[in-house]
Amino acid sequence: MTSVDTTSRASSNASQNKPKGYPMLAAQIEKRPELAMFRRFGGLNAENLLYLQAELVLLEDELRKQQAEDHSSSVEAKAKYALNWYHLRNSRNNGDSKQLDLVHRIRETLWQYNEALIQQSRVLSYPEPDQYDLKYMQRFLHSQEHMDLCLLGPDATIWGSLSEPHSHSADLASLCPRKKEDPFSNWVVDNAITKLVRCGCSCFLRSSRADMRGIIGYEDVKVMRITYWMTSVIASLLPIGSIVILYKAHSTAARLGIIAAFNMLVSLCLSAFTNAKRVEVFAITAAFAAVQVVFVSADKS
């Protein structure tokens, strides 16, 4: 969904239901989940893992030394710690719980380490927020009507500001990122909807209710459908266009130039209108070139 400021056309009485600050911001994130962008705190998470790792290394070294000492002990029960869990579990009753205490400490620290490792892996997998959503967040936070200067703590600058849009934290992560389409569709959505609304063509778009700032969200489904039709037409015209032009050309040099030009055009279209990988671009371009070469060979014969 793309959001456009239409405050003059919509009431903002809903803002009175939430106090300024965190409650109002949380309500906005609830309404638009793509605004759920928070810091990863990658440095702190990495430090925590490093500390836990260092602690485990020391505990492991202590455990190995204690195991060797107990195993070579003349006391029969100690010598059996490595052979029978029963003796190690009841070692506290004999007043010798060094190895058992180390095992318990390692178990607790290892659980913390594994949990932190898994959580950090998941946090690092979250993508960066979309620039459009980040700009929307900046506009919302610095709206003089509702949110301006409401967040007064050090966290007020996490998302940047309108005057310094690139001053946001570098480690922002989006919990519900906007679905990534092909570059062409993304560009059209980011630019077309706003211009359509400003030109008075919002009747062609599906809108949502105004939020607490009087901002109405417009669905980008129709725009996406139009871009799909456009790319389908282009995909159909490229092979036909190349064959027609090759048919009109008679010299070999001209036909080779036409094949090269259309190959470049196909690769550019694949990069702009699809999410094709590099290997797919190479494969499709090679197949397209082969079709043109076959046509030229058949025409000559």
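Using N, Cα and C of the backbone, Cβ positions are placed for all residues, glycine too.
These come from TrEMBL:
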COMPBIAS  1-18  compositional bias 'Polar residues'
DOMAIN    22-293  domain 'DUF6594'
REGION    1-23  region 'Disordered'
TRANSMEM  226-247  transmembrane segment
TRANSMEM  253-274  transmembrane segment
TRANSMEM  281-298  transmembrane segment
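With a threshold of 8 Å between CB atoms, the same-chain residues lying at least 6 positions outside the transmembrane segment (253-274) that come near it are 182-184, 231, 234-235, 238, 241-242, 245-246, 280-281, 284-285, 288-289, 292-293, 296. Among residues of the same chain six or more beyond the transmembrane segment (226-247), those with a C-beta under 8 A of the stretch's C-beta atoms are 181-182, 184-185, 188, 255, 258-259, 262, 265-266, 269, 273-274, 288, 291-292, 295-296, 299.
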